[in-house]
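Visitor: So Swiss-Prot lists the following for this protein:
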BINDING   21, 22, 23, 37, 60, 61, 62, 63, 120, 157  substrate binding site
BINDING   208, 296, 327, 355, 356, 357, 358  ATP binding site
């Protein structure tokens with residue numbers, strides 16, 4: 001179902017409310033340690049400016065549980081960074097509502113940019129943002145003529161700053177970043193070019209059950225590494241030593257393996273250590289030879305070779321979750337090799353990284369520009385891959 005985007009509406013002299021995801025990591029001194037989420041929103045912001053919008057930006061930042069949290073989670077440094085990136089002033093209003101904000105909005109001229117304070121400051125008073133307080137959504141909606149949602153990172157949440165505003169606006173459209181997320185992830189699930197390979201990793205099966213079930217319906221192969229692989233191995237009768245296993249998920253793992261009809265591939269071997277430690281002694285063990293006092297912390301060389309062979313022929317790949325403890329050098333090889341294999345598909349296949357740790361791994365290895373799409377939403381991309389309807393996508397008008 002085609003969604004309306006910012007390109008489909010008139011912006012000149014319109015007050016444009018734009019929900020962005022500027023939930024960036026901050027250093028102790030308040031400076032921004034990674035501005036990826038800001039740069040990801042630039043195409044939409046610059047498009048709106050170019051078309052003569054009066055732009056009103058807002059986002060959440062961190063979690064606000066006490067009044068003290070406000071001091072360390074202000075969007076002020078974000079506004080300053082955005083101003084540097086777009087080369088024009090960004091008026092920052094340190095409020096989430098009130099006369100100062102209303103007056104500043106009224107004073108905006110075509111091409112001006114304003115940002116107001118962290119939407120979650122409203123959570124100090126009865127979680128108004130996170131619980132989608134109807135009055136708050138209505139108030140924010142009253143500040144603008146049209147609503148643009150460009151925050152995929154919060155698309156799986158129904159908050160006042162997305163769904164609440166949309167419920168009170170005649171026009172709600174997707175920004176260019178949200179459009180890209182819908183096109184890439186939605187396209188992979190609905191109409192993938194084949195072979196379609198899904199690569200899953202991370203620690204727990206329980207985090208990815210629905211993703212596995214949904215991907216088994218559409219993918220040609222599902223490669224599973226990381227900690228979650230050991231629950232599947234245990235379910236097949238292998239002894240996995242001290243490796244991470246979810247005992248309460250063994251029956252489910254068996255069920256998924258049967259359901260997969262050979263689509264799930266776990267490989268052949270693992271890299272083990274005696275402890276979860278960067279200095280532990282490592283060994284390569286086949287699945288049937290993992291000692292009781294060792295734990296698997298990365299996929300082994302034969303598994304790497306098998307995964308690379310499958311990836312090489314793929315036309316669509318979705319990757320969510322590292323293959324090992326890539327933060328430790330001794331257990332980074334599996335994730336590195338998978339990243340490189342996907343980078344080698346550049347220009348030959350669609351490669352999608354589902355946010356979170358996988359995106360961090362791609363960044364660590366410096367291969368971001370070799371991927372078709374790196375999702376800006378961890379939880380949102382996971383729920384999208386589960387086949388769920390995301391509130392922040394559903395609110396967008398249909399063409």
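Cβ coordinates come from backbone N, Cα and C, glycine included.
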Visitor: Which one, from the binding-site residues 60, 120, 208, has the smallest tally of other C-beta atoms lying within 10 Å of its C-beta?
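Guide: With the binding-site residues 60, 120, 208, fewest surrounding Cβ atoms within 10 Å: 208.
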Visitor: List the same-chain residues at least 6 positions away in sequence whose Cβ sits under 8 Å from the Cβ of residue 356 (ATP binding site), in sequence order, or say none.
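Guide: Looking at Cβ-Cβ distances below 8 Å from residue 356 (ATP binding site), excluding near sequence neighbours, one finds 320, 321, 378, 381, 382.
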Visitor: Would you mind ranking the binding-site residues 23, 358 by how many other Cβ atoms sit within 10 Å of each Cβ and giving me the lowest?
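Guide: With the binding-site residues 23, 358, fewest surrounding Cβ atoms within 10 Å: 23.
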Visitor: Going by Cα-Cα distance, pick out whichever of the binding-site residues 208, 327, 358 is nearest to residue 60 (substrate binding site).
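Guide: Closest by Cα distance to residue 60 (substrate binding site) among the binding-site residues 208, 327, 358: 358.
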Visitor: Reduced to three states, what secondary structure does DSSP give residue 296 (ATP binding site)?
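Guide: For residue 296 (ATP binding site) - judged by DSSP and reduced to three states - the answer is strand.
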Visitor: Given the binding-site residues 208, 296, 327, 358, state which is nearest to residue 23 (substrate binding site) when distance is taken between Cα atoms.
Guide: 358
Visitor: How many other Cβ atoms are found within 10 Å of the Cβ atom of residue 357 (ATP binding site), counting all protein chains shown?
Guide: 20
Visitor: What is the separation, in Å, between the Cα atoms of residue 208 (ATP binding site) and residue 120 (substrate binding site)?
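Guide: On Cα coordinates alone, these residues lie 28 Å apart.
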Visitor: Based on the record's binding annotation for substrate (21, 22, 23, 37, 60, 61, 62, 63, 120, 157), what whole-number value in Å is the widest Cα to Cα distance?
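Guide: Greatest Cα-Cα span of the listed binding residues: 18 Å.
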Visitor: When you tally the Cβ atoms that lie within 10 Å of each candidate's Cβ, which of the binding-site residues (62, 296) has the highest tally?
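Guide: Result for the most crowded candidate: 296.
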Visitor: Given the binding-site residues 21, 62, 120, find the one whose Cα is closest in space to the Cα of residue 358 (ATP binding site).
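Guide: Closest by Cα distance to residue 358 (ATP binding site) among the binding-site residues 21, 62, 120: 21.
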Visitor: Could you work out which of the binding-site residues (21, 327) has its C-beta surrounded by the smallest number of other C-beta atoms within 10 A?
Guide: 327
